[in-house]
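Presented below is the structure to which this report refers.
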Amino acid sequence: MNVPATGDAPVETRIHRSGEDRGEYHREMTEQVTVVVVDDHPFFRDGVRRALQDSGRIRVVGEAADGRAGLDMIRQMRPDVAVVDHQMPELTGTDLAHALARDGGETRVLMLSAVVDAPVVYRALQEGARGYLSKESGRDDIVAAVLAVAKGSTVMPPDLAAALVGEIHANAAKDSITLSERESQVLHGFARGQSIPQIAAEHFIAASTVKTHTQRLYEKLGVSDRAAAVAEGMRRKLID
């Protein structure tokens, strides 16, 4: 929206609703998408609120100036969409998205941030955000994104989507490992509840050899015990 950056704003929250009872409010505004805006820059936050409400299809039911206050408000108001900055005091937008995803609520998070680095965008989506836009986006684009996210779509501008390709490949490479035949035998033995001597006897090798392959297996999986190795092996689909 090309709103100039400002310094850190004092923490504030605002609740906008037409009546004391939120159920009454929802009955009155059933055709509108309800939104909470969370951003620590008051001028930008006000600009977003005006853009959304001027559309006639969106009702901003609350505003917050930091991540913690925003999370509390979203839990209280349960809007359809939360429009959230990334860098904020108390909680980042990504932390907020993660908390809401853990809650299992129905509010969908649209990140609207000046930070558009691929790793940041990737993590935000991994943690539960349903869309990510640059703060340079136009008013119409922001309105369209809110409406799309409210309907269940994931929103990502083409330039950000292209930048994410490399990040996705990089993370896939980090998550991809190859076990040797012996390491795989050890992992499958652990999954069946076998001890090191039992694995050694089954494959006609020394227990010391099994211990060596066990250590290498732990290093590849990033774990330190058998139970964790089995759990990580299952997560990575290394165990049949």
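From the backbone N, Cα and C atoms, a Cβ is placed for every residue, glycine too.
The compositional bias 'Basic and acidic residues' feature in TrEMBL is assigned to 11-24.
The domain 'Response regulatory' annotation in TrEMBL covers 34-150. Confidence across the domain 'Response regulatory' (34-150), taken as the mean pLDDT and rounded to a whole number, stands at 90.
TrEMBL lists 172-237 with the feature domain 'HTH luxR-type'.
The feature 4-aspartylphosphate is assigned by TrEMBL to ASP85. Its own atom aside, the Cβ of ASP85 (4-aspartylphosphate) has 26 Cβ atoms within 10 angstroms in the protein chains shown.
Feature annotation from TrEMBL assigns region 'Disordered' to 1-24.
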